[in-house]
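Summarising the annotation, TrEMBL assigns domain 'Deacetylase sirtuin-type' to 1-238. Taken from TrEMBL, the feature active site, proton acceptor covers His110. Among the features that TrEMBL reports, Zn(2+) binding site is placed at Cys118, Cys121, Cys139, Cys142.
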Amino acid sequence: MTGAGLSVESGIPSFRGPDGLWTKYGQPSNLSYGVFSRDPQDWWEQRLSDEVTPGNPTYDLKDAVDNAEPNPGHVAIAQLEDAGIIRAVITQNVDDLHGRAGSLHLLEIHGNRNYLRCIGCGWRRPRAEHAITDVPPVCVECGGIIKLDTVMFGEPIPRAVLDACFAETQRCDAMLLVGTSGAVNPAAQLPLLARERGARIIEVNPEPTQLTAAAHVVVTGPSGDMLPRIVQALCSGEYRSN
């Protein structure tokens, strides 16, 4: 399971913390599902304007993500999946860097910024394939309102991906935590549920988190440094003698 700390290493700013976007600008109201639901047209008009107007968190984040590349941590996770060691990647990140790095069994619990989703039928398509000419955009399948795929505050996580995350949690024998602070639910509950079922918890993070106490193994350092070393050890068989 991965969180924002992994993407910070690709140059994507975090939201909280000394250099976070919300620390700099304040938390924007357009992240609220309630605001979107009350006036989808106004929300979309503001969103599209913010995306092309420098000096606001929406622009800064879009610019950073548009120019970001998967870092060695993303690549290492994809390599572990390719080797059959990782069976699924649950990510709280919406930046699509895992997919670009080659992860296949990817569960994006908070959605994907490059996709659109209908709040009626769940229709989901890449944003690049659906030109937004009128707002709010309307679903071609059911006529419902379309929003960005990213999950907003107060918005239920789509049931299919949430169920898949819990299913993978229940069947795993180990869970690797990378760059997640353990502060956002329900994702923060998944490692605890895995541990209750007997799974080993391995944390990779530069700093202690709210999940550190639950981890059986703690690897302190940037994931871009630590994960390639873990890949090398696992794939070479070094771990068997250590």
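Using N, Cα and C of the backbone, Cβ positions are placed for all residues, glycine too.
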### Message
What are the sequence-distant neighbours of Cys142 (Zn(2+) binding site), meaning same chain, six or more residues apart, C-beta distance under 8 angstroms?
### Response
Cys118, Gly120, Cys121, Trp123
## Note on the structure
Surrounding the recorded Zn(2+) site, with Cβ no more than 8 Å from the Cβ centroid of Cys118, Cys121, Cys139, Cys142 and those residues left out, we find Ile119, Gly120, Gly122, Trp123, Val140, Glu141, Gly143, Gly144, Ile146
### Task
Please report the number of other Cβ atoms within 10 Å of the Cβ of Cys139 (Zn(2+) binding site).
19
### Query
Per residue, counting other C-beta atoms within 10 angstroms of the C-beta, which of the binding-site residues Cys118, Cys121 reaches the highest number?
Cys118
### Task
Taking only the Cα atoms, work out how far Cys139 (Zn(2+) binding site) lies from the residue listed as 'active site, proton acceptor', in Å, as a whole number.
21
